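In case it helps, TrEMBL gives these features for our protein:
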- B:11-426: domain 'TRAP C4-dicarboxylate transport system permease DctM subunit' (DOMAIN)
- B:12-40: transmembrane segment (TRANSMEM)
- B:52-74: transmembrane segment (TRANSMEM)
- B:103-128: transmembrane segment (TRANSMEM)
- B:140-166: transmembrane segment (TRANSMEM)
- B:178-198: transmembrane segment (TRANSMEM)
- B:226-244: transmembrane segment (TRANSMEM)
- B:287-310: transmembrane segment (TRANSMEM)
- B:322-352: transmembrane segment (TRANSMEM)
- B:403-431: transmembrane segment (TRANSMEM)
Amino acid sequence: EEVWKIQSHLPTGHIVYQAEDAWVNNVNEMLGGRLRLELLPGGSVVAASETIDAMGYGIIDGDITSPAYFAGLDKGFAMLADLVGGYTNWTQAFAWCEFGGGKELFQEVYDNYDIHFVGCSNAGIESLIAKKPIRSVADFKGVKVRAPSGLASEIFSDMGAAPLNMGMADIYSALEKGVIDAADASSYVMNSAAGYHEVAKYPIVDFHSLPVLSMSVSKKKWDAQPKDIQQIITTAYRDLTVQINLSDMVSRGEIMEKDKTEGVEPIYWSAEEQNKMREIAKGVWLEASKESDLAHKAYESHVNFMKRLGLLE
Amino acid sequence: MSVQYVTLSILGAMIVLMMLGLPLAFVTMAIAIVTTLAVIGPDGITLIAARMYTFVMEPSLLAVPMFVLMAAFMERSGVAKDLFNAMYVWSGRLRGGVAIQTMFVAVLLAAITGIVGGETVMLGLVALPQLLRLKYNKQLAVGTIAAGGALGTMIPPSIVLIMYGVTAGVSTGELFKATLLPGLLLSTLYMIYIYVLCKLNPDHGPALPESEVLSLSEKLKTLKNLIGPGLIALWVLGSIYGGICSVTEAAAMGCIATFAVLVKRRMLTSDSLKSALLETLQTCGKLFWLSLGATALIGIFNIMGGSRYLSGLMQGLPYSPMVIVIIMMVILAILGMFMDWIGILILTMPIFIPIIKSLGLDPVWFGVLFCMNMQISFISPPFGPACFYLKSVAPKDVSLMDIFRGVIPFIILQVIALAIVMMFPDIALWLPSTLKQ
Amino acid sequence: MNIIRGISDWLGKVVSWFFLISVAITGYEVGMRYLLNSPTTWVFDLSLALSAAAIILSGSYVMKERDHIAITAIQEMLPEKWRHRLVQLNSLFCFVVCLCIAWAGWRFGMDAIIRGESTGGSWDVPIPAIIKPMITVSAVFMSLQALVNFIEDTFSHGIGSKY
Ligand code: NA
Ligand code: NA
């Protein structure tokens, strides 16, 4: 019996990991024992940034991850996979991947590493946690915000904030003590599970970044499978996207109601402010697009698609 | 090759090679290499390097060398010695008094740093010679210091809890609040034990000789020695709680403060600086290399489905939640005899935490239990890092066996404290829930 | 042999300064952020990289000091002759394991260099391309030092592991 070891980028406690785990069980049933997928938690074999190499060395067979982790290999991955300030909901990002040239672009770059790109997914929109209400671009002025180095921190910086990097372990007490005013960490549901809502009462919901998740498999392993098995996995992966996002929507609503009783005030940005931020972000994207061939292609692809959707002029 | 068979072979090989006296870092590394070659083949060998690289680039561990360096500076600037001396004169005619004072100093140091190694070394250098000079029982003296050093992880800030928080997805702040009372409970138990033991066996902990008992006014004079350490503690804790910097950065701020004291006291020489840095390198080097071996082994164990196998074993148990927690604690304690806490955390927590959550138990409470258990692992033989640290700074006539014999009563107390917090979760959970309201 | 010992010693002394630099720049970052509200983009990555480099490269110094942690309780109970054999075995064992680590790090490090792997962040510097190959470099020095330890153990009695 052939087994594929697929490493996720998430820990076992993460709801998206649990969705992936349930999904793997379903796929295995569909495969009827001809092939079996086995999901491994984030970091359990190699770090998230090392999965491409690990597939090449034959250590694992595939990954379900955020390709933004590969920015060290090519800065273009950052723009391809985590366009900060871009899409406002998962259907837009998913549509870009399926119909806007996203998946073709992914496959083009993965060809360099002998990897087959299965498809895109999303893990719910990220929520920026904040200690004070940030309702507009102007409110970002002087805000000390924890952000991963790269596109995110450059966009925050251009909006007048003071972005800084720190480990995930430090976020809670840094927020609590006021070392930082805001943090770019995870989705609303996950932020709440980590307890950030206890120390930062004004989360910005529904806008700032929407990371793409992707599944990929070593090309050698993929090509050795018959067409029907390839098709089962590809089609099923699209279903995972729907499952993750629907459950994120439902549980976010429930958790937010509970958090409100603890004094949390969710902040929603107006379409006008979102557009303002997108214009600033576009400037940063344009700068970043000069850094590599892939970055340039990713920029063109996203911007053209956003124009099609009416998100950009 | 079934997972079960491989797991047993790995354990067996580890025990045999360890008992031969081979360095643990290379024992685990060798087993990881052999297993990788057998399971994946020669191409997979890069896994070892990838695991090593990821481990050293973990941001949460950046605080470790900084806290160790801070301890090295504190030791050279005489700050730790001042702190101890100031407390020492107050112990007066109390039997076992100096050992109790040592425990008191250990708690204060634990509130400044989170590094068991640094704290044990500091206490070993400062307090051990005094205790031995005053004819304290050798085993009581070393036991007090090893157990006191291990407290570093129970009183916040605590690296063990930081790492647990990251792994379990619970807030570090909650964990810090939850661990405070159990930490104080533990240190109180230690002090009571020392007091009762010395009351029953006066020769275990003699009172200060008449010549060293000071008058009240003389005692008050020594208080000024507390200003230096007090200011450093204030600076470190103030920079965290005052919203100036993160816990990791606070370690750097602590280093800068102790460095400043070194300069102020004109004790900064090129030699003292070089030796402090080299000592930090050596301490961190042996600690991290140990973990590098463990992390390599865990990687290959996970790829074979090892953690899935273990979690299957655990979940199949038809017992009540409390019994499952007890079984987990026993597993952790046994692993703690042979491995360092980071290795144990990487290996077990991805398995245990989902089970704890599915049983409806509080992961914050479980984090405190984990931390208490890892605190046992620091001193439990045969692999007890705090004992090794103490040995490296103790006088020649203190053998590793002396230390192992000395820590046994304290291990019993640790187990008792662990059982108490297991039976009464409120000891851990009361403070965080009260502060929330 | 003295050359190898010298290298281990020198390397240890040099990289131990990395910790101090790491502390100093972290202090600088806190100052810049708290006093001027302008955090830096480079301190976090650089201090992490310095600390990681120091830890990887510390191996041969610790090996020279014979300070890698081991449990020698059983060894100490054995008669002198057997003990001596075990100490020799110890050095040979470390030699072989370190060679394997060097091998394990080879392709990992070379790929990082060839691709010029970088942090991929705002301060885009080739930190992975520098740190990854250090595993092999350090392991080579460690295996040489283990060999020196073995020769010392063979030709002079009485020198053994520390505990
Ligand atoms: Na502490
Ligand atoms: Na132990």
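Just so it is clear, glycine is given a Cβ too, placed from its N, Cα and C backbone atoms.
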Is it true that the transmembrane segment (B:12-40) and the transmembrane segment (B:226-244) have 3 or more Cβ pairs under 8 Å, skipping pairs fewer than 6 apart in sequence?
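Contact absent: fewer than 3 Cβ pairs fall under 8 Å.
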Report, as numbers and ranges, which residues of the same chain sit near the transmembrane segment (B:322-352): CB under 8 Å and 6 or more residues beyond its ends.
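Answer is 14-15, 18, 28, 160, 163-164, 167-168, 287, 290-291, 294-295, 297-298, 301, 307, 310-311, 314, 359, 361, 366, 369-370, 373-374, 376-378, 380-383, 385, 415, 418, 422.
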The transmembrane segment (B:103-128): which same-chain residues, six or more beyond its ends, come within Cβ distance under 8 Å?
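Residues 63-64, 67-68, 70-72, 74-75, 80-81, 83-84, 87, 141-142, 144-146, 148-160, 162, 183-184, 187, 190-191, 194, 229, 232-233, 236-237, 247, 251, 254, 283, 287, 378, 385-386, 389-390, 392-395, 398.
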Restricting to CB pairs under 8 Å, which listed stretch, B:52-74, B:140-166, B:226-244, B:287-310, is in contact most with the transmembrane segment (B:403-431)?
B:140-166
Please identify the stretch among B:52-74, B:178-198, B:226-244, B:287-310 with the greatest number of Cβ pairs below 8 Å relative to the transmembrane segment (B:140-166).
B:178-198
Check the transmembrane segment (B:287-310) against each of B:52-74, B:178-198, B:226-244 and return whichever range has the most CB pairs under 8 Å.
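Comparing B:52-74, B:178-198, B:226-244: B:52-74 has the most Cβ pairs near the transmembrane segment (B:287-310).
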I need to check the long-range neighbours of the transmembrane segment (B:52-74): which residues 6 or more away from its ends have a CB within less than 8 Å of a CB in the stretch?
80, 113-115, 117-119, 121-122, 159, 162-163, 166, 232, 247-248, 251-252, 254-255, 258-259, 261-262, 276-277, 279-280, 283-284, 287-288, 291-292, 295-296
Taking all residues of the domain 'TRAP C4-dicarboxylate transport system permease DctM subunit' (B:11-426) together, what is their mean pLDDT?
84
